[in-house]
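Peer 1: There's a structure below that I have some questions on.
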Amino acid sequence: MLAGRAQPGAAGCCRRLLAAALAAGLRPLLCGLPPRWTTARRAAGQWPSPGLRVPAAAEAERLVQQVQRAGVPLCRFIACPKLARTVQRCLQGGASPGPQPVLLECAPGPGVLTRTLLNAGVRVVALESNSVFLPNLQSLENSLDGQLKVIYGDFFRLDPLVTGTVKPPAVCSDKLFETMGVAAVPWRADVPVKIFGILPQKKERNTLWRLLFALYECSSIYRYGRVELNIFISEKEYKVLTAKPGEARAYQALTVLWQVGCEIQLLHMEPWSSFVTNLKNGGLAVPKSTWLPNDHLCLVRLTPQQNLFTGGLEPTNSSTFIFMVKQCLAKPRSRLTDRLNSWSLDNGGKLLRELEIPKNAETCHLYPEDYRRLFEALQNSNMFAETWFHDEVLESIRNINL
């Protein structure tokens, strides 16, 4: 017998061993990859691309048309594959090395962005409340090996202020995060989860306020750490969030509070016409704006500041800080000294001198950091601890802009 010649039946044995290896899920061996490659990539939050077909815009639009019925709130969806790729690159841009957090996609609808994210190796949790879209998403979930999880629920009805059992599609954040497998981390730790969504048009301002209260109180989603929001908002609201002191009409309490609380980053601007709506007439329903530009939806990243709760600001007194800022900017052209006097602060002038704030400064000309310094100084003032002020906060704070 010649050297190197295979024994009879050896080829069949090799074939059987190869088939057994495939059945055991060791497919990476075929590509010359180590057996634990897939597990290591998944542990790092990176998945091999499943090579999913992304539906064309026309196909996605036909699916959206199925929810164009009376009584359904106005919703916008990403149907264009090109826009989905742009959003995917924005969401993955700037990621730090190491394991990546799961991405919670709110109201994925036809799933164009969902499939694009999955093809890019992102682990996605899809939170969907519309029964028209659920079957396709659940079918996609079943075809993948844990990269996608579909949950029935509505992010914009998160943690409703109700007593008793919460009825779906409303959802509690603790149940949602438990289902996602995301545990709470210390505030200064890395981002535990990323969230993507398009803010509902009719609830846009209210949603921004609700998220803001949750941020400062470390409640709801922020009970789990510095959750990163990646949200499409109207251009006019983006202009408010990023306004500078002295900018008429744009510089508001919402401006100051978001700038103190988060790093605000513009990722992308897209015309309203690029999105599909569920309106029967197929209209865009672009909200009118008299004083601010509003030609685009803006993809904005809101990352909570690691040092938010340092100095005198804490979750327990944050509602007082919010109330103080709102009171100061209720009349933006009023003098800060007049506002301090209205709080019966006899030493208001001395306080401003210590903070190096001009005595005749108008409230609309203070920088966000000035408001924080003012609050911390007031916290150390005996006058500011008067119970009448805190009672006013408790009575008013929950009913403002909600």
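Glycine too: its Cβ is placed from the backbone N, Cα and C atoms.
Taken from TrEMBL, the feature signal peptide applies to 1-32. Residues or ranges marked as S-adenosyl-L-methionine binding site in TrEMBL: Ile78, Glu128, Asp154. As annotated by TrEMBL, domain 'Ribosomal RNA adenine methylase transferase N-terminal' applies to 86-283.
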Peer 1: Which has the fewest other Cβ atoms within 10 Å: Ile78, Glu128, Asp154, the binding-site residues listed?
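Peer 2: Per-residue Cβ counts within 10 Å for the binding-site residues Ile78, Glu128, Asp154 bottom out at Asp154.
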Peer 1: Just to confirm my parser: what is the rounded mean pLDDT across the domain 'Ribosomal RNA adenine methylase transferase N-terminal' (86-283)?
Peer 2: 95
Peer 1: Taking the residues the record says bind S-adenosyl-L-methionine (Ile78, Glu128, Asp154), how far apart in Å are the two Cα atoms that sit farthest from each other?
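Peer 2: About 17 Å separates the two most distant Cα atoms.
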